[in-house]
Each structure stands twice: as C-alpha cells, then as structure tokens.
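Let me begin by presenting the structure, written as structure tokens, before commenting on it.
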C-alpha cells in the first residue's frame, strides 16, 4: 500500500509541477496581464503584458509593440519580469532534480537515500517556483485594483482590468505549490518501507540464529 501511495504521489507531484511550469512560462510571455476596453470604440481593445502592449482591432487584427525601455516601466512590471524569469528557472530545475528521484528511474538500491533527498530538493524548488510566480501576478492585480478605484482619476478615463494571464499565473503558482507538497509526501513515505525492510531482515537473522542454537543444544 505504501509503495502504491509513493508511486502515485511521485507521478502526481511531477505532473502538477510540469503543468505549473508550462503555465508559468505562458504567463511570462503572454501580453494579457491587463485589458483595456474603450467605451468610445468598442471594436478596439488594448492588452498589456510584461514585454509588450497590443491593440486588437476587428479589421486589422492584433498589433503589438515591445516596450522601449526597461527603466521606463512601472516598478511592478520591472520586478515581475525578474520574478517570472526566476520562477521559470526554478521550476525547470525542480523538474530536473525530482525526475532523477523517481522510483521508475533505477540508480541502484544503495542510493535510495539519495533519491529521497532529490525528491525533497525538487519539492523545495517547486515551492520556490510557485511563490515567485504568485508574487508578481498578485502584485500586478493589486496595483490594477488600486488604479481602477482611484478617485483622483476622472470617471470618463478608461481603466485597466484583469487580463487572462493573471488567472493563468495564479493557477500555475498553485499547481507548483501542490506539486511540491506531493513530492515531499512521496519522499517521506519512501523512508518507511526501507526501514521496515531492514527490520524484516534483522528479524529473519534472529530467527535463524535461534534455530541454530536449538539444533546445537539438541545435539549435545
């Protein structure tokens, strides 16, 4: 039973971490962190991401323009770029490390403890990747809400709203956190069968020694 739980936890943890990493990469590059709908022209919509701003028109389609300067960006977008890059890198390392700790990859019976440590390290990296993905999307969402309800801005001025990439980033961060938790559960459960195995071997050896002692006494 413990073996089945460990295998399921490992596969589910790696799968969720992989899903979260892919979604965090998409969140990083999609230009849909903010949406702006113009009341005067309903056929024209604006979107903003970490790297570019796009305008969507029914006749022309989507046209995007990269930001000219990194320093000219708002603080939340500058920090979000760095954190999202960090999240993508940590998520990739977490997948790589935890992959070597899976039971389906045979690296020798004497290296069970090493595989357990790899799963723990992979879980920690997935956690870090999830946190560094949740922080930027939550920060941008918070600033968007503040600007939307800013009383100093006239009512006729269009306001930015949540884009699809923010929800994608939240889902990515939660998937990475849950994947890291499952990897830790798998690592903790992988220690118990090993200990019980050693106990069974020791108990068998004691039984053999007891039988040998009885046979010796009968001969005498």
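Our numbering is plain: 1 for the first residue shown, then up by one each step along the chain.
Quick reminder: no glycine exception, Cβ is built from N, Cα and C everywhere.
Checked against Swiss-Prot, the domain name for residue 75 matches that for residue 156, so both face the same side of the membrane.
Among the ranges 82-102, 187-207, the stretch that Swiss-Prot annotates as transmembrane segment is 82-102. Residue ranges 55-75, 118-138 are listed, and Swiss-Prot annotates 118-138 among them as transmembrane segment.
Ranking 11-30, 82-102, 118-138 by CB pairs under 8 A with the transmembrane segment (165-185) puts 11-30 at the top.
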